[in-house]
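One structure below.
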């Protein structure tokens, strides 16, 4: 690869200084809530003895992928709107591109594994503990990491084969493939087809597999009755909501001819910022086991704080109080979101 470009200029979501302040505040709030929400899910699952099933094992990795996927773009977007310095070095651009596709692909694969887990649990309940044993779950997650690495490496190899010799302005808020290819000093038609085949195929095939699996699952639930059916429907419906929110924008971006639209940036915001923010809320609002485990975690945390300092006749230190306050805030946010959803439904 021959390139004269050492950095790129990101135009961001807006060039208006007043709107940039709004973007900074809004996306800082979204990103902070994303990290706290996913961290709370991870800690809750790891500390709760009732959340030891494969579904929650995969949910832990989905929360990790969500946090890292959002971190690949959100901090740069937030800082750029505060500092008004919208440049990114060539190496940082390639790193961001790799991280985006690595954790994005990881999220797709984890969603497929979660669908497979529900398929086995509902359609083959007698064989569930044999098929989805701990060793198998770890092997599946390891394969997901490997496939995600191969996918993102392929994307980087493709983009590094493009020479950049002049224009360096990217009409986006992060280093995305299509805007980058438009800056290349060569015919990128074949590369665009390869990218569509790579990213587009993963999105489309993944979405198709998920829809087929959940169709089979919902069809098989007709033979179930009572509490088990309601629980399975609640779990599957939350999974389907996440799938549609994530795959819809991804398919729009990665499965079309080599062109860009003004709407692309807003669509990208939805799957890079909004979806990772909503996932913790969806999984907590629609899952009684997770909500109960969070309540137990909060009570245990406060009880440990009180017990550890009552003997010394001291007030809890500020950092422990802050930890408890964070848990209370997240619980309150979950409760308010649940109230809003119920009142609007």
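Glycine too: its Cβ is placed from the backbone N, Cα and C atoms.
According to TrEMBL, the protein carries these features:
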| type | residues | note |
| --- | --- | --- |
| TRANSMEM | 22-43 | transmembrane segment |
| DOMAIN | 37-283 | domain 'G-protein coupled receptors family 1 profile' |
| TRANSMEM | 55-78 | transmembrane segment |
| TRANSMEM | 98-116 | transmembrane segment |
| TRANSMEM | 137-160 | transmembrane segment |
| TRANSMEM | 189-212 | transmembrane segment |
| TRANSMEM | 232-254 | transmembrane segment |
| TRANSMEM | 266-285 | transmembrane segment |
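Mean pLDDT across the domain 'G-protein coupled receptors family 1 profile' (37-283) comes to 87 in this model. Across the candidate stretches 22-43, 55-78, 137-160, 232-254, 266-285, the maximum count of CB pairs under 8 A to the transmembrane segment (189-212) is reached by 232-254.
The stretches the transmembrane segment (266-285) and the transmembrane segment (137-160) are not in mutual contact, being linked by fewer than three Cβ pairs under 8 Å (pairs 6 or more apart in sequence). Remark: the transmembrane segment (232-254) makes no contact with the transmembrane segment (22-43), by the rule of 3 or more CB pairs under 8 A. Counting same-chain residues at least six beyond the ends of the transmembrane segment (137-160), those with a Cβ under 8 angstroms from any Cβ of the stretch are 1, 54, 57-58, 61, 94, 97-103, 105-106, 109-110, 113, 177, 180-181, 191, 194-195, 198-199, 202. Long-range contacts of the transmembrane segment (98-116) within the same chain: residues 55, 58-59, 61-62, 65-66, 68-69, 71-73, 140-141, 144-145, 147-149, 151-153, 155-156, 174-176, 199, 202-203, 206, 209-210, 213-214, 217, 239, 242-243, 246-247, 250, 272, each at least 6 residues beyond the stretch ends and with a Cβ under 8 Å from a Cβ of the stretch. Listed by sequence, the residues of this chain that lie at least six past the ends of the transmembrane segment (55-78) yet keep a Cβ under 8 A from its Cβ atoms are 10, 12-13, 23-24, 27-28, 30-31, 34-35, 38-39, 41-42, 45-46, 88, 96, 99-100, 103-104, 106-107, 110-111, 113-114, 117-118, 121, 137, 141, 144, 173-174, 235, 272-273, 275-277, 279-280, 283, 290.
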